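In TrEMBL this protein carries:
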| type | residues | note |
| --- | --- | --- |
| REPEAT | 7-98 | repeat 'Solcar' |
| TRANSMEM | 12-30 | transmembrane segment |
| TRANSMEM | 70-92 | transmembrane segment |
| REPEAT | 109-180 | repeat 'Solcar' |
| TRANSMEM | 112-130 | transmembrane segment |
Amino acid sequence: MSADGNTNPFKYFLAGGFGGVCTVLVGHPLDTIKVRLQTMPPAQLGKIPIYNGAWDCAVKTIKREGFFGLYKGMAAPITGVAPIFAISFLGFGLGKKMFSSTGDKKENLTPSRLFCAGAFSGIFTAIIMVPGERIKCILQVQELGNQKYDGPISVIKNLYTEGGIKSLYKGTCATLLRGN
């Protein structure tokens, strides 16, 4: 906030962007492990599953692909994180104004109205976040030696060729319900 009590959108953008980048750097290896565990095929009767949990998945990934194998697919979330945070702050400000009784975004809102303002901001962020999440997940489940895609651009081209812009937004409703 500045001395006159107004907020500076540029400062929010920078602070949100930096915080988002830090979040991705720290959280992406865990996200890669989560996605691999979620997408591994069920174990066949009498056979050992691909992974026996999160630690086993991390160890096997590092052994096969090196430490940076845990960071596969990170380009998409890193690129989108600053705009997502900026749009989220903007959407929340608009939501606070929409759900206030006086139309003033500085009004103290009830918890339910704050919830609605926050949910409203999620609609804005989904526009950027959903394609990035889709690209990231597709890249994360690729294993060395069995790669269909070279990187994010390759995924985008393939998805667009297969189903147009709609295929980039597959999973939007689930993402909105999840509450990002």
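Cβ coordinates are placed from backbone N, Cα and C, and glycine is handled just like the others.
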Task: Compute the average pLDDT of the predicted model within the repeat 'Solcar' (109-180).
output: 86
Message: Let's see if you can do this one: DSSP helix, strand and coil counts over the repeat 'Solcar' (7-98), in that order.
response: 72 helix, 0 strand, 20 coil
